[in-house]
Amino acid sequence: MHCEPDMVCETKIVAAEDHEALPGAKKDALLAAAMWPPLPAAPPPAPQPQPQPQPRGGAGGAGGAGPPEGRGVHIREFRAAEQEAACRIFYDGIMERIPNTAFRGLRRHPRALLLCALLAGLCWALTGSLLLTSLVPAGLLALRYYYSRKVVLAYLDCALHTDMADIEQYYMKPPGSCFWVAVLDGNVVGIVAARAHEADNTVELLRMSVDSRFRGKGIAKALGRKVLEFAVVHDYSAVVLGTTAVKVAAHKLYESLGFRHMGCSDHYVLPGMTLSLAERLFFQVRYHRYRLQLREE
């Protein structure tokens, strides 16, 4: 299977509301690491005789209080020893796309719904059996799940053998690119990357994902802001991203970071797709483009 590294840039920003754990998903051998134990609950603070107001956020200081998102999370550059943890978080986040694409994304593709209705109607006309007719949509949903899983696993195989196979080489060494991790209580709980596009002086935000056990803490937004800061420091004209995220919450997160929706396409070819007739029938994905303009050229 041939995968061009520049194609492996499709991004999913993970918001707290944008994921549900996928039980029973098989883990790639590369990522068969033990899961972290849940963090212990913090003990209640001791009562203070004269409590003083404390600065909010990890960036608090004399100049002003920091934002509430991502409190207690440290965003820093990736280290080689964190390769396995970063790949695991990426893998888990991508695997959550299978049910999202197969089921939640169905309503965004009217042709697939029309095909289901036509086949059910044809079955009823030929057999007159309510049982057989009801099996038609169930069978089509099963096929959508099968081919969604097939395509997503092929995409993962591409990513895990290109940029995610050697994060340091692909993101840390090239000028104008970087990879960060979010660390909470010593654990890597989120990832994000930035990759330069010298042709138009833009930087692409990609590979953003947050461990499902640590969502709801503003980590995704903190990671996104890190990329924006990087773009400003390196004088890029804009930050761009592309995503096939289905849930509305993910798109709201991009907009909360200042991104503007630039359009979408139903003809995006996910890296790893074979474009077989079965894939075209039972796997549909909508690709959204976002852009945050930093300065005019």
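Even glycines carry a Cβ here, placed using N, Cα and C.
Annotated features, as they stand in TrEMBL:
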COMPBIAS  37-54  compositional bias 'Pro residues'
COMPBIAS  57-69  compositional bias 'Gly residues'
DOMAIN    141-278  domain 'N-acetyltransferase'
REGION    37-72  region 'Disordered'
TRANSMEM  112-143  transmembrane segment
Over the span of the domain 'N-acetyltransferase' (141-278), count residues by DSSP class, listing helix, strand and coil in order.
58 helix, 39 strand, 41 coil
Same-chain residues at least 6 beyond the ends of the transmembrane segment (112-143) whose Cβ lies under 8 Å from its Cβ atoms
102-103, 106, 278, 281-282, 284
